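Features of the protein shown, as given by TrEMBL:
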type: DOMAIN; residues: 41-287; note: domain 'G-protein coupled receptors family 1 profile'
type: TRANSMEM; residues: 25-48; note: transmembrane segment
type: TRANSMEM; residues: 98-120; note: transmembrane segment
type: TRANSMEM; residues: 140-162; note: transmembrane segment
type: TRANSMEM; residues: 205-225; note: transmembrane segment
type: TRANSMEM; residues: 237-259; note: transmembrane segment
type: TRANSMEM; residues: 271-289; note: transmembrane segment
Amino acid sequence: MAHINESVVSEFVLLGLSDSRELQLFFFAIFSVVYVTSVLGNLMIIVIISSDSHLNSPMYFLLSNLSFIDICQSNFATPKMLLDFFVEHKTISFEGCMAQIFLLHSFVGSEMLLLVAMAYDRFIAICKPLHYSTIMSRRLCIIFVSISWAVGILHSVSHVAFTVALPFCGPNVVDSFFCDLPMVIELACKNTYEMEILTLTNSGLISLSCFLALIISYTIILVTVQRRSTSGSLKALSTLTAHITVVVLFFGPCIYFYIWPFSRLPVDKFLSVFYIVCTPLLNPIIYSLRNEDVKSAMRKLRHRHVNSWKH
């Protein structure tokens with residue numbers, strides 16, 4: 001009797017994206033390019049910001065931290081997914097599965113809080129420009145980044161602590177390319193209704209509260225920008241467009257997943273791919289294309305390297 005409630009599942013089987021060999025090779029080619037471009041793109045943003053003194057501001061400090069989180073998110077599940085395209089029996093150990101759940105929710109939770117911090121930075125810059133340098137100090141930026149990581153990790157620990165304690169005695173098949181928390185919980189050998197409600201409340205609250213904070217902040221900022229017609233306001237509007245685009249693309253799938261997290265549709269798997277694999281690529285593309293300062297710093301860095309090679 002002492003062993004009845006203990007987990008006997010030592011590994012989970014991942015069904016992946018498709019059974020078709022041709023499709024798997026196609027997905028491997030596409031997602032390999034997306035993965036490499038995402039990691040290199042975010043690394044490029046970090047290098048550009050750290051190497052250009054003109055980008056030594058709170059906004060770019062927060063952006064470089066956002067790129068770091070995106071690099072982390074690119075690496076927690078995508079490399080395994082790419083390798084699994086060549087493996088017929090895709091498995092992941094129980095510990096590896098729990099690690100994926102922990103890492104995903106840590107990175108996603110941290111990014112949510114960091115996006116709120118970036119919105120606050122833009123709010124102060126546009127609505128209270130005279131006080132910007134005194135309010136948005138480097139110390140406050142470090143506090144924002146520290147809080148975002150702390151909240152993300154605590155949010156994740158609360159999920160994993162309950163999931164690890166669940167008894168898993170079979171089946172052990174996860175219809176995804178990574179350990180998706182709602183799907184793993186459904187495999188437990190007990191009624192998980194309370195756990196499902198806890199998961200929905202935990203993730204739903206942090207997602208919706210951050211999203212509402214962002215909507216309110218950007219609405220106030222846009223109203224303030226529209227009242228002005230200066231060139232600085234137009235530049236601010238261009239930067240805001242990039243921020244809002246990232247927020248919508250990041251929070252859209254996230255909120256969708258937690259509206260009905262325990263009833264899956266066929267489209268959910270492909271939304272998961274977009275969220276896990278493609279979202280980290282969007283930030284470097286959007287910020288480098290929409291931000292003139294980043295593009296200018298990129299050109300200067302390129303010219304510097306070209307001249308060094310010539311000499």
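Keep in mind that glycine also has a Cβ here, set from the backbone N, Cα and C atoms.
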Original post:
Is the transmembrane segment (205-225) packed against any residues at least 6 beyond its ends, judged by a Cβ distance under 8 Å, and which are they?
Top reply: 109, 112-113, 115-116, 119-120, 122-123, 126-127, 151, 155, 233, 236-237, 240, 243-244, 247, 251, 254-255, 258
**OP:** Check the domain 'G-protein coupled receptors family 1 profile' (41-287) for me and report the mean pLDDT.
**Re:** 87
